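A.B. asks: Sharing a structure, written as C-alpha cells. Questions coming.
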C-alpha cells in the first residue's frame, strides 16, 4: 500500500515522466525512509517519492545536543517544519537521536584534526558515519526499509547491486563532493529524488504544494555549528595559542589568535595593515608552522608560495571499492564548488596516492578532501595529507 498524496504540482508533472501502471505497482512494493531535515530539498524529495508510488515514511535525525545558544540551534524549528511537511503529505515521521554517534564518530575527529593544524570537512564525515551508516542501518533493520532517500543533489546509475554515483544535474548544487565515501552498495540502497532537477524547480514544486519549507533558506555552515560564529564555537572546545604572523622571508607582520582559525589561501581576517618596506598587495596564508606556532603569509594571489603541483592523499574511498593499481587520468576537486582540475593519479599503495595536476593550483589544504571524477561519474576520493610544491 502506498501513501500517495492527493496533492499535485504542475511543475512536477512538467519535469517528471509519468510512470506506467506496472512501474507504480512495482514501486508500491518498496518502502522508502527519507531523511527529513526540515529543509525544502528533503520535503520535495518526499513528495516525488510518493508520486512515484513508493511507500514513504520520514525520519528526522537529531545529531547535536543543544546548549545555551538558543539563538543558533535550529533543531526544534527544523523538526517542526519536517512535521508540518509530513502532515501535509500524509506521511508518518519517525524521530531518532544520533547525537552520541555524532560526537564519537564525527565531532571528536573534527576537533582532533584542528588540533593537528588541519582543516577537516565534517559534512563528509557526517554523511559517511551518520546519514549513510547509522541512518541506513536503522532504516533497514528497525523500520524495514528497502531504500533510504535524501535531498542531496546527486544521481545514481546502474542497478541496485552495481550502482554508480553521478554528479547532480544542477551543477551549481551538485553535492557528490560530500558523498564520495559511499560504496556502490550504499549508493544502490539510496534514492536521490532531486538529483535530476535544478534547485529553482524544487522550490517551485514546494510552492505549488504550499509546503511550509517552500521559502526556507538553505542552511549554511557546518551542521553542528549552524549560523553561529565559527571562531566563537571552536574556542569553547580548543584552547587557542596566539602567535606571530611572518612573511616567507621571516619578517614579522602581525599576530594571530590561533593557527586553527586560519586556512591555506585565506586572505580576509588576517588583520595585517600596511607594512613598511612591503607593497600594498594583499597577504595570503601559505603555511601553518605548528612547531613554532607561526602563521606564514605571502603577498599576491599568484604568489608561487601559494601554488601546488599536486598532492598526496590517504584514507581513500573508491565507490567501487577497488583500489587503483595503475596511473589514471581523471579530474579532481580539492574543495567544494571548485572547477574540475585535470590530473593524473599515481598509486603509491592501496591507501595512498600521489596526484599531479596539469596546471599548478592554489590553496590545496591538508585535511580537506580530494574527490575524483571521470565525466559525470564520481570515482571516490581521499583526504589531502600534504601538498606538493
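Including glycine, each Cβ sits where the backbone N, Cα and C put it.
A quick note: this is a predicted structure, and the numbers were derived from the prediction, not measured.
Just lifted these from Swiss-Prot, have a look:
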- 126: active site, nucleophile (ACT_SITE)
- 223: active site, cysteine persulfide intermediate (ACT_SITE)
- 35, 36, 37, 38, 39, 40, 41, 42, 61, 151: ATP binding site (BINDING)
- 126-223: disulfide bond (DISULFID)
- 152: site 'Interaction with tRNA' (SITE)
- 368: site 'Interaction with tRNA' (SITE)
A.B. asks: For the binding-site residues listed here (35, 39), tell me which residue's CB has the most neighbouring CB atoms inside 10 Å.
C.D. replies: 35
A.B. asks: Through the lens of DSSP with three states only, how would you label residue 61 (ATP binding site)?
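C.D. replies: The three-state answer is strand.
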A.B. asks: How many neighbouring Cβ atoms, not counting its own, are there within 10 Å of the Cβ of the residue listed as 'active site, nucleophile'?
C.D. replies: 23
A.B. asks: Taking the Cβ of residue 152 (site 'Interaction with tRNA') as reference, which residues of that chain separated by at least 6 in sequence fall under 8 Å from it?
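C.D. replies: In sequence order, the residues whose Cβ lies under 8 Å from that of residue 152 (site 'Interaction with tRNA') (at least 6 apart) are 41, 168, 175, 178, 179, 192, 194, 195.
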A.B. asks: About how far apart, in whole Å, are the alpha carbons (Cα) of residue 37 (ATP binding site) and residue 368 (site 'Interaction with tRNA')?
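C.D. replies: With the alpha carbons as reference points, the distance is 25 Å.
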A.B. asks: Could you find out if DSSP has residue 37 (ATP binding site) as helix, strand or coil?
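C.D. replies: Where residue 37 (ATP binding site) sits, the three-state DSSP reduction gives coil.
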A.B. asks: Any idea of the Cα spread of the ATP site, 35, 36, 37, 38, 39, 40, 41, 42, 61, 151, as a max distance in Å?
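C.D. replies: Binding-site diameter by Cα atoms for ATP: 16 Å.
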A.B. asks: Look up residue 368 (site 'Interaction with tRNA') in the DSSP assignment and reduce it to helix, strand or coil.
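C.D. replies: The residue in question, residue 368 (site 'Interaction with tRNA'), is strand (DSSP, three-state).
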A.B. asks: Count the other Cβ atoms sitting within 10 Å of the Cβ of residue 37 (ATP binding site), across every protein chain shown.
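C.D. replies: Summing over all protein chains shown, residue 37 (ATP binding site) has 22 other Cβ atoms within 10 Å.
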